[in-house]
Structures are given as structure tokens and as C-alpha cells.
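A short write-up of the structure that comes next.
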């Protein structure tokens, strides 16, 4: 195996220790097959075999303890069930594709390779082998009863009815212009021929990518397919000479060829780039009630919350300078599709306490994962450079975290939104001292 990169997936469900001396866990002499984005589709997705795949990080203590058991299971299952391993710290796109959030994660790729099952059993070689044989038994019974499990080989044609293509939009000569040319959305369109072997290999990748892209872009980037042997008008209009040909359509622009990789991770990455290029900057919202906090943090992987100094401490110009820094960072990291929030110091004191901010040190910033109820605090300066370093660490899965106090967001108070003006000191009542006779005061009390 190649050199392993150190890293930390800090939003994971399993806590692992970071070891400074990082070594690869498997070698070519093992019966564990090394899997990468380059060979995963060919080895696993297009395979008729049952696969057990471990997604690991070399620095993870749990992974290191699993390694000898995984090797023993691979040797015992050799020739019966394929056993593989993915360095998901090095190949983060592959781990992300299968929703890996902690290490080690083990998945079983059975008849339907597009619907891998999570392995929840023990971490001994005996438990792993038992689970593999149980899954193999189910696979054989399904074949015996005629249930193929959809895209089990990743090679079925579109006419076979195999697989889940519900999010791939089939287009025709009649429907193309209405759906694509007149749309404000971005379209990635595959022109295919049913007899084309490369098209058949692409089909499960395209289908899986379509579902993921639909979810992550909320339908703003669409994946479609055109049978160019039937819809020859479209094929002629766009100069289709080979299959598959993928073109990208954006409103007001000439279509361009997609020349990236043909795996789902490649397709998803390009689609997300297209989405972020066309997406407006994220909104920066003031936390004026519970709905703002909940809706923003629930809808995004991370929500970035800033607590700014009281308006009397900075004035409008000072506050706007902090908000400008946040807006620049929101634009810079908009591909991450994070949520961005702010509140005034003291306005949401319970929230501050739950995030370890605690009533001092303003301005402050916390990145919160609402699904895990964990957060990380900005340790550097509240500046473009300081925040950029903080967010860059988060984006590669590094950084120390802590649980949100109480395990949930505290009560959020409803407050009036900032009016954009300088603050004003509260008006004090005038005190009339004209009737006070100071001579009557007991001098011992003075």
C-alpha cells in the first residue's frame, strides 16, 4: 500500500486516538484487498461477488486493533467472500460517498451493490466470518428464487429494468427544450445507446450520483439521460458522435462537454462545483428566535455561529466590520453549504454557555454539528486569516470538539432584530434632590 496520510474525522460516531507515528495497516502480502477510487467500481460495484469492506483511518486506535482480526477473516474467507479495505482518511471522497462518519466503518456489498448494508456485529474474526457467511447464504437464496437484487453486477441495460433510476430524468426530442433549455437549473445530460457497453457500466454510477446530487443541491442540479438512438434530432443538434457523451447545460450559455471521471464520486463532485458556482452566497442570519437557529442548523452539516460584542461596545460600524468578515468567509466556503448565524453578546446567554463561550472574549465563533451535538471553538483571531485557518481545519476533518452543554440546544429567547443603528444608553429617570435636607442625615452614615 502507498503512504498513509494522517488526519482526524472529528464528526465521527467513534472516538479514535490520533497516533503521531502513522503506518499503513495492510500490505500486498495480506489477503485484504486494497481499494481506492480508481479500482473500487471495477472490483466491487461491477463484481458478482459478496464484499466486506472496511473504511479505516491509519491513525485510528480502533482500526489498528481490528487489523489482525480483519486479516484473519480475509484469509479464512479467501475464494468465498471478498474482503477489502479503504483508507478513508486518504480517500475521503470514497468514504463520503458511502456516508462514512467514523472509523472503522464496515459495509457489506451484496446483490445490490448500490445499497450497501452496515455491519453491526462483533470485531473478532469469528464474528466477521459468521456475518459474511450469513450474508452469502442470503445472496444465494435470492439468486435461487430469481431475485437478482437490481444492479448486482453494475452492467444491466436500461431496458432490463434493474436498479433504481428514479432520480435520472429521461428526456426525449419532445421534452428536452421545455425541461432543459427553459430551466433555471443546471442539467448534466448523458446521451447513450442501449447497446453501448460503456453506457451500461456508467448507468449505476449515474443513477447513484443523481440521487445524491438531488439531495445535496435540493434539485438545483439535475442528472438526465437521452437515448440517442431513438431521439436522433437531439443527437444531431448536439453533435453526438460517441457513447456515452455527457453535456452540461446552464441557462444562457452554450452546452459544454463533461470530461471528468465516470465514477459517482467524480460526477457528484462536478455537480456540486456547478451548484456552488451558480448558488448565491449563504445567508447570514441573526438568531432572533428558536426557529432561526433550529431550521438553519438542522438543514446544514455545520452551522457557524458568531457571538458579536454588544452594540454599545462597537457601534454600528464596528459590528458591520465583523459581519463583513463573516460574509466573506461564507462566500469563500459556500461549496460546503454550511449555515451562518450570529447573535449579540448577552442576547442568548444560555446558548453561549452551552458552547463554552461563557460571557467574555467577544467576538467568538463556534462551529456546531447539530446532528451530533458537538462543537468546535475558534481559538485564533476573529479575522479573515484566523477564521479561514479555523474553517480550513474543519473542512479537512481536523480540530478538537466538545459536546454541546446539556446534549441539546438550550432555550432561545425571542429578541428584536438589530436595526442597523448605533446603540443608545437607556434613559435614566431624573432624581429631584431639592427636598432633601442633608443636615438631617446622621453623619455616622456618611
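Using the three backbone atoms N, Cα and C, a Cβ is placed for every residue, glycine included.
Remember, TrEMBL labels are computer predictions, not curated facts.
Taken from TrEMBL, the feature signal peptide covers 1-16. According to TrEMBL, the domain 'Thioredoxin' annotation covers 24-138, 160-293. Positions annotated as region 'Disordered' by TrEMBL: 145-168, 407-446. The compositional bias 'Basic and acidic residues' annotation in TrEMBL covers 156-168, 413-424. Residues or ranges marked as compositional bias 'Acidic residues' by TrEMBL: 425-446.
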Averaged pLDDT score, the domain 'Thioredoxin' (24-138): 91
Counts of helix, strand and coil residues, the domain 'Thioredoxin' (160-293), according to DSSP: 52 helix, 27 strand, 55 coil
Counts of helix, strand and coil residues, the compositional bias 'Basic and acidic residues' (413-424), according to DSSP: 0 helix, 0 strand, 12 coil
Per-state residue totals over the domain 'Thioredoxin' (24-138) - DSSP helix, strand, coil: 43 helix, 22 strand, 50 coil
